[in-house]
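Over in TrEMBL, the protein carries these features:
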SIGNAL    1-17  signal peptide
DISULFID  CYS86-CYS97  disulfide bond
DISULFID  CYS91-CYS107  disulfide bond
DOMAIN    108-165  domain 'Kazal-like'
DISULFID  CYS109-CYS144  disulfide bond
DISULFID  CYS115-CYS137  disulfide bond
DISULFID  CYS126-CYS163  disulfide bond
DISULFID  CYS169-CYS279  disulfide bond
DISULFID  CYS287-CYS303  disulfide bond
Amino acid sequence: MRVWIFFLFCLAGKTLAAPTEEEPVVEEELEVGANPVQVETGEFDEAIEVVEDVIAENLSAVCIMPSVAMQERDCDNVCRLYRNPCLNHHCKKGKVCEVDDSNQPMCVCQDPLTCPAPVGDFEHVCGTDNKTYESSCHFFATKCSLEGTKKGHKLHLDYIGPCKHIAACMDNELNEFPLRMRDWLKNVLVTLYERDEDNNLLTEKQKLRVKKIYENEKRLGAGDHSLDLLALDFEKNYNMYIFPVHWQFGQLDQHPVDGFLSHTELAPLRAPLIPMEHCTTSFFEQCDADQDKYIALEEWANCFGIKEQDIDKDLVI
Ligand SMILES: [Ca+2]
Ligand SMILES: [Ca+2]
């Protein structure tokens with residue numbers, strides 16, 4: 001349980017209300033973590049193809065001014081010659097932009113040697129090949145070099161941190177996992193609601209739904225609750241858990257938004273969790289009831305004990 005709480009704090013520190021210079025966040029006040037998806041998505045977009053196009057924008061701002069005396073209005077035309085074609089050309093993780101013979105930008109695999117050296121062990125990641133990579137940059141660069149091969153297709157980022165022995169998950173432990181995760185999802189949403197002063201954490205629709213949970217006096221507050229209490233609360237206040245479970249699915253189902261979670265879409269939630277919660281992999285494997293490698297909304301909801309009649313696609317949005 002302590003591990004779970006630690007995980008929440010780790011995430012909380014990163015994003016929940018991204019600290020600004022004007023408004024320092026006092027970490028001790030945080031009771032639950034941020035939505036991990038918002039925290040980590042950028043690190044795991046291994047299979048998400050970025051449209052490799054050049055956005056011709058604001059040339060005068062990015063060009064190299066050929067002459068100090070040149071008027072700004074003349075700059076655009078002249079600067080096209082000087083503009084770096086890679087400047088607005090985005091490549092997916094593991095690739096970098098290079099210019100071809102005709103000065104056109106293209107994405108090529110990054111040489112792992114060009115990745116920044118990791119600051120510490122915490123930057124290491126473990127691949128599904130059970131190999132430790134120095135950083136996610138090294139991992140994705142390696143994966144890119146294997147593109148088109150069976151090995152490359154099967155290689156995914158498994159979890160954050162160096163590879164280590166992950167204890168087998170016992171059946172009773174597997175049953176506990178959704179109890180705590182469900183409670184956590186609810187608490188994350190309530191905290192987002194409380195902190196959403198700028199209206200950018202939740203949509204109006206989502207806010208209305210969370211408001212009901214927030215104002216419900218029977219709500220079990222965030223804390224280190226026993227599994228018995230969590231189970232009892234789920235039984236008594238089942239309705240409060242329906243939206244949080246749907247909401248998390250919606251946060252993950254982004255590439256593409258199709259009602260299914262791929263391995264990559266699930267990664268932002270799985271990868272930080274696996275080293276601390278040894279049942280994570282078993283849990284998500286079990287969720288994929290038909291074993292098609294994708295977790296459908298129905299499978300997801302079922303994993304968290306949501307009844308079939310309460311599964312609602314509209315709640316995901
Ligand atoms: Ca999807
Ligand atoms: Ca499935």
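Just so you know, glycine gets a Cβ as well, placed from its N, Cα and C.
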Inquiry  = What whole-number Å value do you get for the CA-CA distance of CYS144 (disulfide bond) and CYS97 (disulfide bond)?
reply    = 13
Key: Sequence-distant neighbours of CYS303 (disulfide bond) in its chain (C-beta under 8 A, six or more apart)   = PRO178, PHE283, GLN286, CYS287, ILE295
Remark   = CYS107 (disulfide bond) to CYS97 (disulfide bond), Cα to Cα, whole Å, comes out at 5
Query = Cα-Cα separation of CYS86 (disulfide bond) and CYS169 (disulfide bond), in Å?
reply = 47
Rounded to the nearest Å - Cα separation of CYS115 (disulfide bond) and CYS126 (disulfide bond) = 16
Ask   = Whole-number Å distance between the CA of CYS137 (disulfide bond) and the CA of CYS279 (disulfide bond)?
value = 27
Nearest-integer angstrom distance between the alpha carbons (Cα) of CYS169 (disulfide bond) and CYS163 (disulfide bond) = 17
Task = Find the shortest Cα-Cα separation between CYS109 (disulfide bond) and the disulfide-bonded residues CYS97, CYS126, CYS163, CYS279, and name the residue that gives it.
result = CYS97
Message = With DSSP assignments reduced to helix, strand and coil, which class does CYS97 (disulfide bond) get?
response = strand
Request  = Quick one: among the disulfide-bonded residues CYS97, CYS115, CYS144, CYS163, CYS287, which has the most Cβ atoms sitting within 10 Å of its own Cβ?
outcome  = CYS144
